[in-house]
Amino acid sequence: MIKAEDFTDITYQVEEPDAVAVVTINRPERYNSFRGRTVDELIAAFKHAWADRRVASVILTGAGDKAFCAGGDVKERAETGGYGETEWGIFEIQRLHQAIREIPKPVIAAVNGVAVGGGHVLHVLCDLSIASETARFGQSGPRVGSFDAGYGSAYLARVVGEKRARQIWFLLDLYDAQTAERWGLVNDVVAPDALLDKAHEYARKIGSYSPTALRFLKHSFNADSDHLQGLGNVAFAGLDLFVESDEAKEGAAAFAEKRDPDFSPYR
Ligand SMILES: CC(C)(COP(=O)(O)OP(=O)(O)OC[C@H]1O[C@@H](n2cnc3c(N)ncnc32)[C@H](O)[C@@H]1OP(=O)(O)O)[C@@H](O)C(=O)NCCC(=O)NCCSC(=O)c1cc(O)c2ccccc2c1O
């Protein structure tokens, strides 16, 4: 497992007064999109936080004021056909989803900018989400030749309801923080410079409560939707094959070349 001092794509800090681990995706030049290395580091960070008795909750955020996370690094995918080197030679995004759900401590997303594609899925999987007033939310897979037919769609529908989830995935618009709050996609909306303070306020409260009670509650909330993991296994197996196709490659290439994709041959 990657040691915290070797992290290149994220930063990891334990802030003891609030008993919180702050995990920051640190690729602002790529809108904090993730490659394989980023995903490996995020998994390691959640394991560090899980094992550390000083930590009662985790804040997940992005560096800078533009992006929380723009999902998979589409430029890397367009250039290399994949998401780059990883520790085990596997792109372990599903393991990251599991780590966020299974760590027996609440995870708070502090959404500081765009949360799009796989980055939107990350915040949806967090236990709580706080948005900056400037945050924007949405999915983009069908525009760039991708989809998340596991938690990213089925669990999203539990959060916002079927119609809104289908709207998010079929229209691919971006929604502002106020709309996200109205839809129940985020718990709070605050001014950009108050975002981390609000996240720490949540963490401080959580840190004062019984960790065992919180652990049972988190597992209990999860139990009802844990079977979606199986759906995710099917979906990601399909996605691995789909991203190899000309149709999916057209989506990634169009994004990198700053043009509209032409999916008409694949109808
Ligand atoms: C995020 C945006 C809506 C922001 O739009 P805006 O107009 O504000 O900014 P720009 O478009 O000018 O972007 C600024 C700058 O950042 C670069 N950038 C943005 N997003 C990415 C990205 N995802 N990868 C790489 N680089 C990115 C952008 O190119 C600009 O750089 P310049 O050098 O040109 O200045 C908008 O940018 C946007 O729509 N971005 C793409 C969002 C997206 O499609 N994400 C990927 C979805 S697919 C995915 O997430 C995914 C997840 C998985 O878990 C998978 C698992 C297995 C296989 C595939 C998976 C997968 O595809």
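In case you wondered, yes, glycine gets a Cβ from its N, Cα and C as well.
The site 'Important for catalysis' feature in TrEMBL is assigned to Y83. Summarising the annotation, TrEMBL assigns substrate binding site to Y83, V114, A115, V116, G117, G118, S146, K258.
Recorded features from TrEMBL, shown on the structure.
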residue : record                         : Cβ contacts under 8 Å, 6 or more apart
Y83     : site 'Important for catalysis' : F34, R35, G36, V39, G72, D73, E76, R77, F91
V114    : substrate binding site         : Y31, K66, A67, F68, A70, A135, R136, F137, G138, L174
A115    : substrate binding site         : A67, F68, C69, A109, L122, H123, A135, R136, F137, G138
V116    : substrate binding site         : C69, A70, G71, R136, F137, G138, Q139, S140, L174
G117    : substrate binding site         : S33, A70, G71, G72, Q139, S140, G141, V144, S146
G118    : substrate binding site         : F34, C69, G71, G72, I93, D148, G152
K258    : substrate binding site         : none
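Looking at the residues that bind substrate per the record, Y83, V114, A115, V116, G117, G118, S146, K258, the two CA atoms farthest apart are separated by 20 Å.
Checking the recorded positions Y83, A115, K258 for a CB within less than 6 Å of any atom of ligand 1 leaves no residue at all. DSSP assigns G118 (substrate binding site) to a helix in the three-state reduction.
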